[in-house]
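Accompanying notes for the structure given below.
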Amino acid sequence: AGFPEQEPEPKFWNDWAQKTLDKALSLQTLNKNKAQNLILFLGDGMGVPTVTAARILKGQLRGQPGEEGQLEMDKFPFVALSKTYNTNAQVADSAGTATAYLCGVKANEGTVGVSAAAVRSQANTTQGNEVTSILRWAKDAGKSIGIVTTTRVNHATPSAAYAHCVDRDWYSDNEMPADAVEAGCKDIARQLFENIPDIDVIMGGGRKYMYPKNTTDVEYPGQPKHSGTRKDGRNLVKEWVDRNTEKKGHYVWNKKDLLSLNPTKVDYLLGLFEPADLPYDLERNKETDPSLSEMVEVAIKILRRNPNGFYLLVEGGRIDHGHHEGKDKQAIHEAVEMDRAIGRADLMTSTSDTLTVVTADHSHLFSFGGYTPRGNEIFGLAAFISDVDQKPFTAILYGNGPGYKLVNGARENVSTVDYQDNSYLAQAAVPLSSETHGGEDVAVFAKGPMAHLLHGVHEQNYIPHAMAYAACIGQNR
């Protein structure tokens, strides 16, 4: 791909830097407006290496070298670092971290919406240790609230916004041990509808956890693995519909029904587009499955009608899944789609009254390197072969994961396989069935009112405090 022809001229770089300097100087007038609206974009597993790779991919999808491009999040004026550790884990999981950036307190791994006094899977440590989230603070302040995710709506990230649960895996009562049910613990799907009964917009996957056991799925009638899971016989979707129909509530399960809604006539929306997680963006059926950008657009159109403003949590949740599976291509394309959603939200909001924050819960053992030349195809090979085993290697590698593979006792020669395939497993140094999270700090990008409060190296649980202060909600009313 080479590089733009003006780059050898010092003037090009000096002019660019001076323009950037002008922008930086304009930031000396801080935006101290009150934030009417709050949007948090959470890229699950979107560490800095993932952000950089997504930037390059975004440019290359447009036929450019990629490195010089800008993601939407790159344009945000304020950037901080977030320390992601959980109270009991150096390398964090998505549940304890979600409790931090949504509820404002650090917590143990595997737990959502409870303090560190609660112990994972120990039902009797729930009561008295519940902590509320910024979603609740916003609702209490009269704002509309929404959750949009590409995972199950009762997955770790969204669940910390409304649930108090000592185990992130208690998706429905089917996944709970008997002692937890007897102790009166509620599964996460139930809590979605009962704890904050009037969440205005809920979109994502997770249909099967809402229906009685063996209820056939509407989209996959011939596949028992997608059938309902609930042992208590409740149909949570029907209960929601019965409760909300007269309040301009609509339930949808496919893209056509979603996009045929008139958002000015919808007050409550429940969209469950898959039995579990939504498909990867690269594998999405563009006729039946909405993209993250499409869901975000509908959500904002509904939420912004509230004169008191709104809080919206948007999760690009499958960046994380791609990395765990060692499928670098899926992960990075997911990150690019989340960036598109950030751009869509930008077109629909104003920095004068909307604070937008983009961050990750944790990183991954994902890296790219190998002295690749400018414009090197991001999923391509490094420019030279190994001087140890005389074989080529891809620029992208994982520290551990399912991509560890030996052929005749030696590292696989990647030139003999299709490393451009969507489901190719990038090579990993240590064999694991699932690649792990990374422990380093993650970036926090912020723009809008009081965005300058996100400015240095912070504990992750500081994020909702800064956002709440900007909107004068929660402890900062």
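Cβ from N, Cα, C; glycine included.
Noted in Swiss-Prot for the protein shown:
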ACT_SITE  Ser94  active site, phosphoserine intermediate
BINDING   Asp44, Asp361, His362  Zn(2+) 2 binding site
BINDING   Asp44, His155, Thr157, Glu315  Mg(2+) binding site
BINDING   Asp320, His324, His437  Zn(2+) 1 binding site
DISULFID  Cys165-Cys185  disulfide bond
CARBOHYD  Asn124  N-linked glycosylation site
CARBOHYD  Asn214  N-linked glycosylation site
CARBOHYD  Asn413  N-linked glycosylation site
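Taking the Cα of Cys165 (disulfide bond) as the reference point, the closest of the recorded positions Ser94, Asn214, Glu315 is Ser94. The Zn(2+) 2 site, placed at the center of the C-beta atoms of Asp44, Asp361, His362, has further neighbours from the same chain whose C-beta lies within 8 angstroms: Leu42, Gly43, Gly45, Met46, Thr84, Ala92, Ser94, Thr97, Ala98, Thr157, Asp320, Ala360, Ser363, His437, Val442. Calculated from their C-alpha atoms, the gap between Asn413 (N-linked glycosylation site) and His324 (Zn(2+) 1 binding site) amounts to 22 Å. Counting other CB atoms no more than 10 Å from each candidate's CB, the disulfide-bonded residues Cys165, Cys185 peak at Cys165.
Long-range Cβ contacts of His324 (Zn(2+) 1 binding site) within its own chain (separation 6+, distance under 8 Å): Gly45, His364, Gly401, Ser434, Glu435. For the binding-site residues His362, His437, the ranking by surrounding Cβ atoms (within 10 Å, all protein chains) places His362 first. Among the recorded positions listed here, namely Asn124, Thr157, Cys185, Asn214, Thr157 has its C-alpha nearest to that of Asp361 (Zn(2+) 2 binding site).
For Asp44 (Zn(2+) 2 binding site), the spatially nearest entry among the recorded positions Asn124, His155, Cys185 is His155, judged by CA separation.
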